[in-house]
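The structure under discussion appears below in the form of structure tokens.
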Amino acid sequence: MASTLFDKIWAAHVVDRMPDGTAVLYIDRHLVHEVTSPQAFEGLRMAGRKVRRVDATIAVADHNVPTEDRAAGIAEPESALQVATLEQNVAAFGVPYIPVTDARQGIVHVIGPEQGISLPGMTIVCGDSHTSTHGAMGALAFGIGTSEVEHVLATQTLLQKPAKNMLVRVDGTLPPGCSAKDIVLAIIGEIGTAGGTGHVIEYAGEAIRALDMAGRMTVCNMSIEAGARAGLIAPDETTFEYVRGRPYAPKGEALERAIDYWKTLASDEGAQYDRVVTIDASALVPQVTWGTSPETVVPITGHVPDPAAEPDAGRRAQMERMLQYMDLAPGQALKGTKIDAVFIGSCTNSRIEDLRVAAGIVRGKKVAGHVRAMVVPGSGLVKAQAEAEGLAQVFLDAGFEWREAGCSMCLGMNPDKLKPGERCASTSNRNFEGRQGPGGRTHLVSPAMAAASAITGALADPREMA
């Protein structure tokens, strides 16, 4: 029977099946950070267990680490405790760790592919929603809870029920000014934040194949915002060339044998999907969110919708609450809406390719006087490369803050926060109430739109910044 990519990876990792369909699934890679691991390690300690495969586990601190003045340490006591606890646990259990002082340190979902830890055909888990990022490698990657983190540490397996298959085909060619972020925002706007519930999304089509690995990671990263369990893209020559030479990747003949296998990781002709969605990339324009859910997407040329036109009372009330929180009016144009801050970073858009796009827009220009703008590279290696290419100086000359690697303003767990009422054009993945700080207002955008908005001081169409 014809199989999907998800079916193939799943079948290759099932250790055992239970009568109700639950599978014991083998896990190839376990990524660990400071937020969801403390109780998991403590559970091992109390049960007298060891980490079953330290060689398949790697840890890094990213959520709580400051992105400036690291010599001063972490000021917030709870954040400092989480990082210190992670360091104690990895030392006690022998888990490989990339410390904050390491040149490779960064966001776990950036360094996994960057180091060649994440590879095609693998099952990859982490106690973090955006583990779906690694699906860009052609891997089955998904977030897990703290109790599951403990289970994987102890057994290298998980109890999982198989998901449904969903295909999102993105045909056509992306127009100038549009990017992978616009693709995934448009998808979420089309199917909603519950559209992928119970499914693993496979992204395919001409526009997906044309994306570089950074773009593919952006798309897979936000699969969870569509409600999906995971998102993945079949590996191809773009993937293989990206993997080649990575520190943890196979070398020489071992790599060539691996590539021969990875070439089989594609959905068979005639494979059946439970749901199929088609998007025309050529019709896209740069996207921006207006509300407090990633599905509240409109083109930058569009307007805030009017709740009065919504027939469902519950949805209408939700829209009214969003507009009140975001301080927007029905019918208001998004383009030209004044902003206070710009954040270029996060596991969605902090790779060197993202920074090149943003730097290309701000080169020779200045950040608007009332805007606080920052660029936070996804890893120390991205930071070093951006500095070597002169991108960091472009940002500094324009008036951006240039920071150390970390999750930063994506979430309010470190010093990088919005003040109440501040409006931010952000390349991150979530725009919930208070996500970037209590009372902060977040508009999800691409790196190009974030850069353009920093210069104009308002939400801007990057196509007009040539």
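Numbers here mean position along the shown chain, with the first residue as 1.
Glycine is treated like the rest: Cβ placed from N, Cα and C.
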Please state which member of C347, C424 Swiss-Prot lists alongside C407, C410 for binding [4Fe-4S] cluster.
C347
So for C407 ([4Fe-4S] cluster binding site), how many other CB atoms are inside 10 Å of its CB?
31
Under a three-state reading of DSSP, tell me whether C407 ([4Fe-4S] cluster binding site) is helix, strand or coil.
coil
Intrachain C-beta neighbours of C347 ([4Fe-4S] cluster binding site), sequence separation six or more, cut-off 8 angstroms:
I107, V108, H109, V110, H130, T133, N221, G378, C407, C410, N429
